[in-house]
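Taken straight from TrEMBL:
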- 12-36: transmembrane segment (TRANSMEM)
- 56-77: transmembrane segment (TRANSMEM)
- 89-111: transmembrane segment (TRANSMEM)
- 131-147: transmembrane segment (TRANSMEM)
Amino acid sequence: MITHAKYFIKEGVFLNYCISIFLVVLDITAVIFFYIRKKMIGEILEKASPSKNCTVYLIFGLFSIFALGIRELIFYITLKGYLSNTETILIVNEVLIGTFFIIMFFTSKIYFGTEGVLVPTIPFYIPKYQIINYSLLSNTIILEINAKKPYKLKIKTKDVNKIKSVLSLLND
């Protein structure tokens with residue numbers, strides 16, 4: 001029993017298990033949190049893409065899954081013909097990291113709903129009763145919030161026209 005515990009700590013298996021559990025919880029939380037927030041805004045009127053380049057999330061996600069995870073899997077199988085516990089956990093960790101980044105890519109949108117606005121950054125959700133006024137300057141949405149400084153969101157220029165109609169509807 002003692003030798004097994006020494007192996008468990010010496011080989012870093014315990015740390016790898018902890019990282020795997022953390023990454024699984026992180027992935028599940030990201031998905032659940034997104035769907036809960038989407039329910040909070042009511043009926044979705046329109047969505048827009050932020051102007052910051054969210055494709056970086058997709059690039060990191062695909063790189064982590066394919067270049068690291070799948071490449072290591074092929075390497076270990078062709079080199080040794082089998083996978084040890086530690087190697088399996090490392091590959092699973094790479095895939096989980098990639099999955100998290102891909103989830104972040106698909107959930108990084110701005111949603112306008114009947115009950116509020118869902119944004120990809122903190123505060124994540126702004127209820128309609130807190131928003132005094134919606135305005136649009138070039139490609140920046142400005143949300144004036146009760147007793148707080150205005151919240152500014154840059155959006156892609158292709159989304160400006162469809163957001164104008166939604167903002168006029170929400171201001172009424």
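Just so it is clear, glycine is given a Cβ too, placed from its N, Cα and C backbone atoms.
Within the same chain, residues 85-86, 89-90, 92-93, 96-97, 99-100, 103-104, 107 sit at least 6 positions outside the transmembrane segment (12-36) and bring their C-beta atoms closer than 8 Å to a C-beta of that stretch. Distant neighbours of the transmembrane segment (131-147): 48, 51, 110, 116-117, 153-157, 160, 163-164, 167, 170-171; these residues of the same chain sit at least 6 beyond its ends, with a Cβ under 8 Å from one of its Cβ atoms. With a threshold of 8 Å between CB atoms, the same-chain residues lying at least 6 positions outside the transmembrane segment (56-77) that come near it are 83, 87, 90-92, 94-95, 97-102, 104-105, 108. Within its own chain, the transmembrane segment (89-111) has Cβ neighbours under 8 Å at 13, 16-17, 19-20, 23-24, 26-27, 30-31, 34, 38, 41, 44, 46-50, 54-55, 57-58, 60-66, 68-69, 72-73, 76, 83, 117-120, 141, 153, 155, counting only residues six or more beyond its boundaries.
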